Amino acid sequence: MEGVPGINTVPNPNHYDKSIVLDVKPLRSLKPVFPNGTQGPPFVGCPPFGSPPSGYSPFFPFGGQQPTQDPPDLNQTQDTPPPSFVAPLRTYRTPTVVSNGPSSSSTATKRGVGRPKGSTNAKKKEKTVPEEHNLDIQVVKRFSTDYDSGISVAEREDGNGDLVSSVLMRYDAVRRRLGQVEYGKATTAKAAGTMMSNGVRTNMKKRVGTVPGVEVGDIFFSRIEMCLVGLHMQTMAGIDYITSKVGSDEEPLATSIVSAGRYDGEAQDPESLIYSGQGGNADKNGQASDQKLERGNLALEKSLRKGNGVRVIRGEEDPASKTGKIYIYDGLYSISESWVEKGKSGCNTFKYKLVRIPGQPPAFGLWKAVQKWKEGLTSRTGLILPDLTSAVESKPVSLVNDVDEEKGPAYFTYVSSLKNSETFRLTQHTVGCSCNGSCAPGNLNCSCIRKNGGDLPYLNGVMLVSRKPMVYECGPTCPCLANCKNKVIQTGLKARLEVFKTANRGWGLRSWDPIRAGTFICEYAGEVKDKGMLREDQEEDDEYVLDTSRVYHSFKWNYEPALVDEDPSDEVPEEFNLPSPLLISAKNFGNVARFMNHSCSPNVLWQPVVCEGNGESVVHIAFFAIRHIPPMAELTYDYGVSPTSQSRDGSFLHGKRRCICGSVKCRGSFG
């Protein structure tokens, strides 16, 4: 029998544990099994924080019932008894996310069990609930019961920058892979359940103030991501808090709030915020009620009296999605005042004014400034050219210098793809696909899908799922539609980019738009050179060259097979497989990629992509986001080191140019 994830099977046949499935029966005939007084110790619930009892794996207590109709508090504090938790059943079919909100009337309905026959609500259309608000966080079976997350108990309690970055990258890699396999299905909740049941998370210890490893201005594409790194532990409720003992009483203190901007009176001022309390929402009969001074509302009131800082996360519409949201961590705020006023429903609503603590880097304020530039409400300071591409690209690329008086980079001819590509074509004759419409995953009649191992290499037509030795795209001669999900790098820029003057590294590249991990940014356009025909001094003098023969710092980006129920032996290699070195010079002909600077901690990776056309294959170098990139963050990638360079300490080759990337992991040289 397959075990329930996150729970170890107890071998004692006389001991019944209601957290595991003892027998698999049709869903409609399942009955709960409870231990009696002679059947050993009662069910042991794992605490949401700290080490679990011996013999039990950690899991997160989602699904706890709340005493009020307020949004559920999905993360209990240490002083609150943990709720019981029954993991969703794993059937022979791939589990799907059940979009039942917190107002479901029974546990059976919440867990995805079908309604009894004859139910009057069986055919009633359910209200659409955003996936991140779904209480049914999918907990999937682990590939191995002894899965090692690589995160110690202490690191789960208290994280750091590397851990936070790693957890978010691992989560998004799993989410992308699940989205690739379960094409067309929402996989956010399922990916979250996988991470939580396998202990891939950090900063589980609730705290007031800053969270280790989370920086002001960081962006998140779901509340679940914030939960995984301890920024905001609630996946639904807007107020998170801790409870501490004060004498014989318990005193709550607010730790963080999420302002989604949808409640009456919430301001859009980047330096202050009017926040509405929780509760009092209309019940199933449409009757609203006065909010009560309890739970999150009481925590905000106590924080006002105590004066502690509260983390504020601002929610904004995702410009790349019709229904998605982006959450911007805007730093610490202090609560300056509170009051009660009548809401639209006529009921009393708590209001709190929060003021941003000075001295923090801009986050939401920068977001709002960029929005005004896009809408033409304000002009961009230091703007030299509104579009340096002269409309070659599908989106304009601004040229900006607000540092000194330089009027622009040295002259070059802007091109959007490769020149002289005939010097580097794959030798084998290729045939494009014969699909009508759009290429579909799993369609082995499609030659392009077959070359990609039976999958579409991209998610939603914009995000690279995994690094591979080679990605194969449909080409211009393939009969599939222009918007085929396997045509990504050929469709141009996806984000509004800006070439800007840096303080000490010449010109750089950044985006006005938020960029999600895996999203295509641009390709490296320029002249393809024959490396064998270049003298060493010619190559050294060219600062705008991308050379695939260089040695690049290795890193893990792809999903872990064990986290998605795949055999580890089937893991896709991340090393590139080029038939010969490719050298592209963007000195005289190039695109925005020529302005991307080097970093020893880059946020952009490159991937070889083959485009089919006219019976030939041309290799392109495409850039994708390693992690989520906030607006106005500089885009950088690893330039690598020449294999002929000498190593100073034996750990990594020493480059020919001094590195001033400023990263804490700076290796000191590159090139």
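Note: Cβ is positioned from N, Cα and C throughout, glycine not excepted.
TrEMBL labels come from automatic prediction, so no person has curated them.
Annotated in TrEMBL:
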- 39-72: compositional bias 'Low complexity' (COMPBIAS)
- 93-109: compositional bias 'Polar residues' (COMPBIAS)
- 209-356: domain 'YDG' (DOMAIN)
- 431-492: domain 'Pre-SET' (DOMAIN)
- 495-640: domain 'SET' (DOMAIN)
- 655-671: domain 'Post-SET' (DOMAIN)
- 37-131: region 'Disordered' (REGION)
- 269-290: region 'Disordered' (REGION)
For the domain 'YDG' (209-356), name the stretch out of 431-492, 495-640, 655-671 with the most CB-CB pairs under 8 Å.
495-640
As a test of reading the model: what is the averaged pLDDT for the domain 'Post-SET' (655-671)?
86
Same chain only, please: residues at least 6 beyond the ends of the domain 'Post-SET' (655-671) with a C-beta under 8 Å from a C-beta of the stretch. Say none if there are none.
504-505, 540, 553, 597-601, 636, 638-642, 645
